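In what follows, a structure is listed as structure tokens, so that the remarks can point back to it.
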There are 2 protein chains.
Amino acid sequence: MKRRKTHSKTEILEVLKSSGNALSHDMIQANLKSDIDRATIYRVLNRFCEDGQVHKIVGDNGKQYFAICSNCGEKKHLHSHNHIHFRCLQCGKVECLERDISVALPEGYVAKMHNLVISGFCSECS
Amino acid sequence: MKRRKTHSKTEILEVLKSSGNALSHDMIQANLKSDIDRATIYRVLNRFCEDGQVHKIVGDNGKQYFAICSNCGEKKHLHSHNHIHFRCLQCGKVECLERDISVALPEGYVAKMHNLVISGFCSECS
DNA sequence: GTAATATTGCAACTTTGTCGCAATAAAATA
DNA sequence: TATTTTATTGCGACAAAGTTGCAATATTAC
């Protein structure tokens, strides 16, 4: 399964890059120049996640958000996404706070993924 | 809006208590002795949350889980639910780890809710 | 240019959660 | 206890989010 360079991929990546924040599929769709199918957007995003270019956060509203992690470019699959995210309840913005969290788990527990979201009001909405 | 003591409430609370973990609506439904409608379960749980008897966690799978917090009984509405949760990718168990997290947010940011979930494998599944 | 196949678009579907409304049942009142 | 009030329930319908199958398309390799 060799990846191909497609119109959809470049456009979706462009939207993510220029935004800088974590975006949900509908936010992405709204910012696209061309019409790309909903299913395609999800598939592209999931492929990005597999490849480690993008990481996924599930908000406390149950929605998926996708973000280019600043230090994702360099060390593929080596970086950990255990940083905190902030979701503004007013404007809906979701952003990565560059604060890593390390939690000591109980004996025998193995952590695979971190999904850490604080919601509230951002500086512009509070 | 004065709350009433109903069959559904006592049964649902009983399931939550005896489990000790955070449960999704379908886990609750499966453990109920009598048949209670899906919508009712959600409404009861949401009322419990409003009253502060129960707190809600949204898993990294997008599903809602509900748990009786050990220290919820005493100080209603005064306790904060900023502790970490763990979800086992194998057995599906979701539990509260009694570890509080305090994060310094950027200037002007106001935190309202914490939704902190680490997923991986619990001691029995790893 | 042609062939192989990754990707897309469309439609259908699943899951999760909510809502309106009539029926029911818990509490208050007489 | 009987009656009234209204919180709660069950049912059905609905919405949102995300996934999947399949035929059509577009990208890459030959």
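Cβ coordinates are placed from backbone N, Cα and C, and glycine is handled just like the others.
According to TrEMBL, the protein has these features:
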- B:Cys88, B:Cys91, B:Cys122, B:Cys125: Zn(2+) binding site (BINDING)
- B:His114: Fe cation binding site (BINDING)
Starting from each candidate's C-beta and looking 10 angstroms out, tell me which of the binding-site residues B:Cys91, B:Cys125 has the most other C-beta atoms.
B:Cys125
Give the distance between the Cα atoms of B:His114 (Fe cation binding site) and B:Cys91 (Zn(2+) binding site), rounded to the nearest whole Å.
24
Under 8 Å by Cβ from B:Cys122 (Zn(2+) binding site), same chain, sequence gap 6 or more:
B:Phe86, B:Cys88, B:Gln90, B:Cys91, B:Lys93, B:Glu95
My list of binding-site residues is B:Cys91, B:His114, B:Cys122, B:Cys125; which of them have a Cβ under 8 Å from any chain A Cβ, in sequence order?
B:His114, B:Cys122
Look up B:Cys122 (Zn(2+) binding site) in the DSSP assignment and reduce it to helix, strand or coil.
coil
Of B:Cys88, B:His114 (the binding-site residues), the residue whose Cβ has the fewest other Cβ atoms within 10 Å:
B:Cys88
Enumerate the residues of the same chain, B:Cys88, B:Cys91, B:Cys122, B:Cys125 excluded, that satisfy the criterion Cβ within 8 A of the mean position of the Cβ atoms of the recorded Zn(2+) site; list them in sequence order.
B:Leu89, B:Gln90, B:Gly92, B:Lys93, B:Phe121, B:Ser123, B:Glu124, B:Ser126
